[in-house]
Structure formats: structure tokens, C-alpha cells
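Data first, discussion second: the structure below is written as C-alpha cells.
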Amino acid sequence: MTSATIPGLRGSDGQAPTEHSELLAWVQEVAELTQPERVVWADGSDEEWERLTDQLVEAGTFKRLDPKKKPNSFLALSDPSDVARVESRTFICSRSEADAGPTNNWVDPAEMRATMTELYRGCMKGRTMYVVPFCMGPLGAEDPKLGVEITDSEYVVVSMRVMTRMGKAALEKMGTDRPFVKALHSVGAPLAEGQQDVPWPCNDTKYITHFPEDREIWSYGSGYGGNALLGKKCYSLRIASAMAHDEGWLAEHMLILKLISPENKAYYIAAAFPSACGKTNLAMIQPTVPGWRAETLGDDIAWMRFGKDGRLYAVNPEFGFFGVAPGTNHSSNPNAMATMEAGNTVYTNVALTDDNDVWWEGLEGEPDHLIDWKGNDWYLRETETLAAHPNSRYCTPMSQCPILAPEWDDPQGVPISAILFGGRRKTTVPLVTESFDWQHGVFMGATLSSEQTAAAEGKVGTVRRDPMAMLPFLGYHVGDYLDHWIQLGKSADATKLPKIFYVNWFRRGEDGRFLWPGFGENSRVLEWIVGRIEGSADAEETAIGNVPRAAHLDLDGLDVDPADVDEALAVKAEEWRKEIPLIEEWFEFVGDKLPSGVRDEFEALKQRLG
């Protein structure tokens, strides 16, 4: 089939839906390479959603849920081999290997393009090729960050409508020549004539490849989440971090929270935690401290740049939440539950109840019988395997969140007063520490550490360094990335920089129990952080930073022994001396590009510890 005979290449009526010549040429080039049966330009309309979801139900990919309980919502079960991000098959193909750095997989870009071009040849035979224009962040931005994903997966088109500002409006924003990120995706499962499709097509060979200088993403073989929804980690973090480095801003793996004091003053906080450390729960916190309220602007990604007034402003580039389902319930995160229960949600790899609803571990009420994520019968107290996959997901529109901040769609973003780093540590790291200054805060972020959880490859429980929680998402050298943070701080007005804090909700006593109750009670720590911003809260200067005592926190009405809180806040020199060689080992791994400012902070810490 020549490109001239591929139906839909020039739009449904033969009139090209855009005059963007670079986009039209790229669509034609990809169609000629991948040989789809037809081309469809996605418009993001309700009609398109209805058509595609009906098609997915008919194909057996989607199961329509009970419209009374979960209106306009669907369950998808993936192939058991295609369930998570694959860090081992994720590549940063910068032109020079030195620019990828020690934390990324690198292949020469020319070699990678040749390999993947052969994989893409004819890979969409028998399928529809969708052209999906989208915008990351508000469409009204001065410099909108646009993208086009070409995909052969209806699941991807439907999910991109939830997760991004997708369709006709984004295409119009591109005009005739605006730059855009090219994101090419195929499940890698061509269909021969008359061949029966499977509910979840994918390929054992997988590549998730980024060409940072060319602003291109090539993904092959996976239909799942971050491997296939290329606006998410691939664009918003890996490609955007490279853009941000070139253009003088920050693309970060952070939630954005709006905290409102009893005096009705708003404070905006960005926070970076690795997977499974409570980012979504903090983003949607219900404060337990009387008079305090919280609203959310995002639970995963923040793009931050300095405004004309010298303050750092953040926007969330996403349009939906793509959250981990297990552990989410009406007490741990009532706002997330309300968001998805409003409908228009796609669930992946959770369990199905007998009355056509969804269930996962940690959700209230254990049913006697389920269909598990592999499509098998599951019986309470009899079946030994999990009903939902540990990385099962909900994909739901942000606009449905009951505590969504009104500024969520403001292209100017919100001014950030505090940046939090944090991880999951049983020992050593106090509940909260304030950095001495910006550079010391960058050192804190550079040495962020967390015990491995089921959300990442690797042995559960081992401590892994995860700089700014960006380890799997850096689009360039980690040393250059840390230096970018240092330089941005140096060029800013120090009095207007956000204060930087490090939190650890997960410290345990010698008997193994958690010393701090977490969840909504974390608002007591946030209240102290606001007090430090305002200069009204006390702290003790320690070797690692400024740390409160239990008496400095508002513990009214909290059923926790103040001695436990003091233990959660304790800075123990002997534990920190054990940390020193671990940090040294990490800095050796980063190599020659470790910024001198970060090294200076490390030397100063060693001296303070004596």
C-alpha cells in the first residue's frame, strides 16, 4: 500500500486537518514505514471517546463497569508480561554518550534509529494509525509545550484524552510551524489478513527510547502506562528535563499542593518523593490541624520557572491522575476515591467484582469472589495470589477532583514557597529537616535515599539513591542536572527562593513500629514548615540542618507519645556517620560532573559530624 492509498492520511474528508507542513510530512513518513490499514486524526471529542470505548469493549480489551457505581468507566487487563515501566529497556540516546551520564542506558542514536526503524517496518499492518496532537500544561501558555503521538493503540488514544489536553484545540495551537515533540508508539503486533487480534497486543521486544536533542520519543512493544502514554514520564520528565536545562527552567517529579492557613493565606508547596512514598496522598491531604485546608494542583509532575517578580512558579503539565490503585481507599485518600467515582475513568489490572465493579488490595470490603487481574477466578481466603497487580492503575480526569485548586489551569502557575524532598527510611533521617540555604537544599535532594518498594525493579528494602526522585526520569547527565539546580539558585534573588526541606514519614522505633502516624497528621509538619517560611516557628540547628523538637510542633489532639515524636525527630551522629560512606559511594558513581557546590556541602557535613 503506498501512502497515497492509505485511507485517512489527509483527514477523514480528504482535506488535511492542519497546514503544519512538518507534521504532515512526518505523518506520511511514519505511515509509509509502518503500513497501517488506515489513518485517523484524533480530535478529543466525546463522540470519539464513545466510538473508541465501544470498539475496545467489542475487542475484549475493555470491560464496561456498572454505570450506576462507575459511570462511563472501564476495566482493562493487560498481558501479564506488560505491567510496568521497564527501566532496563529505557534509553537516553543523546548524541554523545557523556551527556547521558551513569544513571541512563545509552546507545548511539544512529544505531538505535536503524534498529528501531526495522522494528517499525510494517508494524501497524492490519491496524489503525492514530495521530494524537496534545499539549502539556495549559493551552493558553505563552510558550505551549506541544506534542503529537502517533500510535496504533486505541487504549493509548483514550488514556491520552484523560491525561493531556488532547485533540482539535492542541492541533489548532500548533498553527503552521510551531515546534512539537514527535512521539512515535507501536505495540509491535501487526495483523495478517484475517488474523484474529488479542485483547492486549504487545511484543516481547521492548524499547522506550528518547532522543533529547531532537525532542523525539520512539516507543515499541509495550501498550502499558508510562511506556505508551508518551506525554507522561517520556515527555514531561525525560525530554522536558533536557528542554528545561537548555531553556533555564525545571521539569521535576513533584506534586503541587496548596495549603490554606486559618487566616486564609495560601502557601504553595512542591514535593519530590520516589514511587510508593505517598506523593498522591500528600497531594490530596485532608489536614487534621483545625482551621487548615488543602487543595491540589497535581500529584506527579511540576514544571517550574522564575516569574518576572523573581519568584519560582509551578504548573502541572498533566490533565489527569494516573495513580497506583492498591492501598487507595476512603480513609487513606478519600479525594482520590471521589475523583474516580465521578466516572470517566480507565482502570488497568485491578480485579472485577461479581456486580461489575472494581476492587484491589487495601480497598474497603473484601468480596468472597473476584475475577483477578489475570482474568482468573479468585476466592477470599483460598486464592494465595493478589487479586490486583501491585502496579495496577486508575486513569482519571483531574477536573473531577473535589479539592482541585482553582489555579490548576492557570498558565502563569503558582508561586512556590517550599520544596520538599523525601523518601522511605526506617532509621537515620528525621521526620523533617530544613536546609541551611538553597545549595544545602540541593545537596539534600542530591542525596535523597529510599528503601526499594514493589514499584521499582530491584530488591525490596535495599536503600537506593534517587536524586530529587528523578533517577529513572533524567533526560541527561545527573551531574549536569544537579549543577543546573545550583546555577538556577545562584542566578536568583536569594530572598525569593523557596525554602527547602527533607521529610521522612516512615521512621520506625527499635520495636519496628512507625513512630509517626502519617497521612492527614502530616499537616502538623506542614504547619511547622509554614511557620519557618513566616519566621514564626522554632527549630534546633543540628549537623544536618534545622530540626524541630516535639515541643515545636502542634500535637494537640494527637494520640501519640511525645517521646515517640522526639525519637522520629532525633539526629543521631552515629547513624549519620554510617551514612557518609554510602553518600561517598553515590558521588563516586555520579563521577567528575558532580558539582563542586554539592561536594562542598558534603565536606561541611562531615566536619559538623566531627
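Note: Cβ is positioned from N, Cα and C throughout, glycine not excepted.
Mn(2+) binds LYS233, HIS253 as Swiss-Prot records it, and from the list ASP197, ASP204, ASP299, ASP300 the residue named for this site is ASP300. Cross-referencing ARG64, ARG85, ARG532, ARG549 against the substrate binding annotation in Swiss-Prot, which names TYR224, GLY225, GLY226, SER275, ASN391, SER392, ARG393, picks out ARG85.
A gap of 23 Å separates the Cα atoms of HIS253 (Mn(2+) binding site) and GLU521 (GTP binding site). Taking CA atoms as the reference points, SER392 (substrate binding site) and ALA276 (GTP binding site) are 12 Å apart. Taking CA atoms as the reference points, ALA276 (GTP binding site) and ASN391 (substrate binding site) are 10 Å apart.
Non-local neighbourhood of GLY278 (GTP binding site): TRP505, GLY518, each in the same chain, at least six residues away, with C-beta under 8 Å from its C-beta. The local packing around SER275 (substrate binding site), expressed as other Cβ atoms within 10 Å of its Cβ over all shown chains, amounts to 19.
Secondary structure at ARG393 (substrate binding site), taken from DSSP and collapsed to helix, strand or coil, is strand.
Comparing local CB density within 10 A for the binding-site residues TYR224, PHE519, the maximum falls on TYR224.
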